[in-house]
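**Student:** Just dropping this structure here.
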Amino acid sequence: MPLPKAELHLHIEGTLEPELAFELAARNSVPLPYADEDALREAYRFADLQSFLNLYYELMAVLRTERDFEDLAEAYLARAAAQGVRHAEIFFDPQAHLARGVEMGTVVEGLWRALGRSRERHGVSTRLIMCFLRDESAESALATLDAAKPYLDRITGVGLDSAEVGHPPAKFREVYEAAAALGLRRVAHAGEEGPPEYVTEALDVLGVERVDHGLRSVEDPALVERLVRDRVPLTLCPLSNVRLRTVDTLADHPLPAMLDAGLMCTVNSDDPAYFGGYAGDNFDAVRRDLGLTEERLRELARNSFLASFLEDDEELRARYLAEVAAYTFPAA
Ligand code: ADE
Ligand code: ZN
């Protein structure tokens, strides 16, 4: 049995495996410029975040109907459950779909068909977090929040993703204020490729409760001190950092030093279909390449539930934390 964990940094569009991409392309008569799954996998060699995003947005063309989004989420939840994920807070990128003529309702209702039955079918509780694309305008983000208003009973929070450098958090002050006024939780990608100042700005200007990635925070000792003091969770994605060349190799990842510094780190998969692994694979990889002890792995799992947006079900959080405390690691 794998270590129970919550996944807090997962883009549902980033779970589109080549096999499902080709299946949906055929179902929707959408041409793909790749001969087959292997040819597509060959394209998974990224130089940086932007080179990944180009492929990520290109492949979204196959997602058109509620059933497509349902199938996508269903496949993720089955995989996640098999790797010990007990709770998943799932990002989606509505602007990337609205721009192709796919409506907000198609995306949210389609995802919800799978999420709504997930506890029963997979034993995985879920939350949905709507992300704004930071390389789109602030006005577009506001219009997206407006389009989401009929679906707010299904949406727990807002996030900020896509190309980071040159798009600082402050650009989205107004939409984050509006989201907060609607009772939505707030997170944002910061410090993935962007500088530590973006992390500070996400906290100060957007009022985020968690920082997605936050890796480059380690370059600013005063920021680290603040993140430790305020117990701000960071949703790290080690295999993603390797594939997007944010770190040279996994062995160079600062996760052990970050834990030693007292940062509240969690380990997540980001875009598992593209980066070589789901949540459990990320845990296995950091255990292997960074030599994390069982107690460190247990800390990461505990942090994931503590940092999750389960304030509306503290009983469930307590049950998950008890599972983590009682977990026995299999003999190596
Ligand atoms: N969208 C999907 N994955 C992302 C990542 N790792 N960083 C920023 N935006 C993303
Ligand atoms: Zn991400």
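Note: Cβ is positioned from N, Cα and C throughout, glycine not excepted.
Whatever TrEMBL says is automated annotation, not expert-curated.
The annotation active site, proton donor is assigned in TrEMBL to Glu192. The Zn(2+) binding site feature in TrEMBL is assigned to His9, His11, His189, Asp270. As annotated by TrEMBL, substrate binding site applies to Asp271. Residues or ranges marked as domain 'Adenosine deaminase' in TrEMBL: 4-316. Marked as site 'Important for catalytic activity' by TrEMBL: His213.
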**Student:** Where the criterion is a Cβ under 6 Å from an atom of ligand 1, which of the binding-site residues His9, His11, His189, Asp270, Asp271 meet it?
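**Tutor:** His11, His189, Asp270, Asp271, by Cβ distance under 6 Å.
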**Student:** Going by DSSP, is the residue listed as 'active site, proton donor' sitting in a helix, a strand, or coil?
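**Tutor:** It is coil.
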**Student:** When you put Glu192 (active site, proton donor) at the centre and draw a 10 Å sphere around its Cα, which of the recorded positions His9, His11, His213, Asp271 have their Cα inside it?
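**Tutor:** Within 10 Å of Glu192 (active site, proton donor): His213.
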**Student:** Measure the Cβ-based neighbour count of Asp270 (Zn(2+) binding site), defined as the other Cβ atoms within 10 Å of its Cβ.
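**Tutor:** If we count other Cβ atoms within 10 Å of Asp270 (Zn(2+) binding site), we arrive at 30.
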**Student:** Should Asp270 (Zn(2+) binding site) be counted as helix, strand, or coil on the basis of DSSP?
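**Tutor:** In the DSSP reduction, Asp270 (Zn(2+) binding site) maps to strand.
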**Student:** Ligand 2 is in the model; which of the recorded positions His213, Asp270, Asp271 have a C-beta less than 6 angstroms from one of its atoms?
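**Tutor:** Asp270, by Cβ distance under 6 Å.
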**Student:** Please tell me which one of the recorded positions listed here (His9, His11, His189, His213) sits closest to the residue listed as 'substrate binding site', measuring Cα to Cα?
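**Tutor:** Ranked by Cα distance from the residue listed as 'substrate binding site', first place goes to His11.
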